[in-house]
Amino acid sequence: MSKKLYIKTYGCQMNVYDSVKMQDLLYPFGYEPTENIEEADVIILNTCHIREKAAEKTYSELGRIKKLQDTRTKQGLSSAIIVVAGCVAQAEGEEIFTRTPYVDIVVGPQSYYNLPELISKVVRHEKHLIDLDFVEEAKFDQLPEQLYPQGTSAFISVQEGCDKFCTFCVVPYTRGAEFSRNVEQVYREALKVVSSGAKEIMLLGQNVNAYHGKGPADKIFSLADLLKHLAQIPNLERLRYTTSHPIDMNNDLIKLYGTEPKLMPFLHLPVQSGSNKILKAMNRKHDREYYFDIINRLREARPDIVLSSDFIVGFPGETDEDFEDTLDLVRRVKYGQCYSFKYSPRPGTPGATRTDQIPEHIKSERLTILQQELMAQQLAFNTSCVGSTMKVLFDRNGKFDDQIIGKTPYMQSVYIQNPNKSLLGKISDVKITKASLNSLTGEIL
C-alpha cells in the first residue's frame, strides 16, 4: 500500500519549484502526492521567511496540524511525520522544535536531497532531526529530474542564493551565497519539460540575472547566453526569468529583448523605493537614475516591454519626501503590475536594528496610497489591450466548465468562455474584448 505525501507551499516561485522536486524525490520511496492532509503519512510545510506575517503562517498551520494529529491519536491511527522545510526552517532552526515540539524534521532549502534518509530515521523512532547545511552543489546534483509533468508552463531553478545583502532581506541568510547550476543540467531539464508538453519555461533564481553557470569547454555562461542556448530547443515557444536585480541587468541581456522572439516582453525588476536616500539605506547598490536608465534601454530594445516591480513602504527613516520620490518613480516608469508591502523587520537583518522605525499607521497609509496608484496603472494597461489581438498560451481550466484560462506575453490572465478544450496547451490568437484589474476576457479568432 502506498504512503501519502502532503506538501503545502508558501512564498516564492522557487519554493513552488522546490516542492515539486521534493515530491519527485520521495516518489521512488513509495510516497504518492495527495491534496488531502488528513490522509497524509508525511506532511511538509515548505515555508517563507521574507516577512513576519509569512513566517507566522507556518506556526498557525502547525497548530492546525497538531489538532489533526491529536484527532488521529484518539482514533487509534498513526501520526503523520511533520517536516518544516524552506526559509523558516533555515532561519529559525532549533527554535521550531522549542515552539512546536511535535515537529519531527527541520530541513533547509539546500538539504532537501537528504529527506528520504531523514524520514527513514523518524520511522525508526528518531526525533527532532535537523539539516541546515549550505551545500548548493549537492542540492542541484542530487535532486531528481522531473517525474510529474509541470504542465504547459514549467519552472526551472538555475540560480540560488544572494550576495547583495539588502538591509531588509533575509535571503542571504536563508538561501546562502549565489550559486549557478551548470548549463548542461539546465538544458537537460529544459528538454525534459518540453518533451512533457511545456511550451513556456520560467527560469528561477533569487538573483537570476546574476547567473554565471559553467557551460561546454568550461565557458562561463551569462543569463543572456543561457537564454540564447535554451531558445534553440524545438517546440519551446516562450522564455521568462525571475527575479532580477537592477545592478545585474547587463547590456547583453537588455539587447536580447530586441533580438530573441522567444524571450517574452515582460520583466519583473524590483526597485523597492524611489528615494536615493532609502535605496542607499537598503544597500541596493544603485540609485533611481540608474534604474531609469535601465528602463529606458529596455524600452529602446523592445518598445512593447511591460515592467513589474516590488516596493517596500515604511523602511526605517523613510520621510514623506522619500515616499513622494517613490510615487514619482512609479508615475514616471508606468508599470503593468506590481507588488507592494509594508516594511517588516526581520531578525538578523541590519534594518531590524535601526531605531528610526516607522509607525504602523503611517506605513499603512503610505501603502494604501501607493497601491491605489499601482492599481490604477494596472487597470489602465489592461484597458489599453481591449480591441487588440494577442497570442495567448492556454494553460489551465477555469473555475467553470465552460471556461479556460491562458496568459498573454505580458503575464495577464485571459478568460475564454465556451472554448474548444483542445486549445489547452496551445498558443492561439485572441481578440481582447474586456478588461478588469486582474484579468482580460477575449474571443478566439
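Cβ atoms are placed via backbone N, Cα and C, with glycine included.
Per Swiss-Prot, the feature [4Fe-4S] cluster 1 binding site maps to Cys12, Cys48, Cys87. Marked as [4Fe-4S] cluster 2 binding site by Swiss-Prot on the basis of sequence analysis: Cys162, Cys166, Cys169. Taken from Swiss-Prot, the feature domain 'MTTase N-terminal' covers 3-124. Sequence annotations record features per position, and here Swiss-Prot assigns domain 'Radical SAM core' to 148-380. The domain 'TRAM' feature in Swiss-Prot is assigned to 383-445.
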- [ ] Could you measure between Cys48 ([4Fe-4S] cluster 1 binding site) and Cys169 ([4Fe-4S] cluster 2 binding site) for me? Cα positions, answer in whole angstrom.
- [x] 12
Open item on the list: To the nearest Å, how far is the Cα of Cys169 ([4Fe-4S] cluster 2 binding site) from the Cα of Cys87 ([4Fe-4S] cluster 1 binding site)?
Closed with: 12
Task: the domain 'TRAM' (383-445), counted residue by residue under DSSP: helix, strand, coil - done: 5 helix, 34 strand, 24 coil
Task: Cβ contacts of Cys87 ([4Fe-4S] cluster 1 binding site) (under 8 Å, same chain, 6 or more positions away) - done: Gly11, Asn15, Thr47, Cys48, His49, Ile50, Pro109, Val170, Val171, Thr174, Arg175
Open item on the list: Can you work out the mean pLDDT of the predicted model over the domain 'MTTase N-terminal' (3-124)?
Closed with: 91
Task: Any further residue of that chain within 8 Å (Cβ to the Cβ centroid of Cys162, Cys166, Cys169) of the recorded [4Fe-4S] cluster 2 site - done: Lys164, Phe165, Phe168, Val170, Val171, Pro172, Gln206
TODO: List the helix, strand and coil residue totals of the domain 'MTTase N-terminal' (3-124) as derived from DSSP.
DONE: 67 helix, 25 strand, 30 coil
Task: Alpha-carbon spacing, Cys12 ([4Fe-4S] cluster 1 binding site) to Cys166 ([4Fe-4S] cluster 2 binding site), which is rounded to whole Å - done: 18
Open item on the list: Applying a 10 Å Cβ distance cut-off over all chains shown, what neighbour count does Cys162 ([4Fe-4S] cluster 2 binding site) have?
Closed with: 23
Task: [4Fe-4S] cluster 1 site, defined by Cys12, Cys48, Cys87: further same-chain residues with Cβ within 8 Å of the Cβ centre - done: Tyr10, Gly11, Met14, Asn15, Thr47, His49, Ile50, Ala54, Gly86, Thr174
Task: Cβ neighbours of Cys12 ([4Fe-4S] cluster 1 binding site) where a neighbour is any other Cβ within 10 Å - done: 19
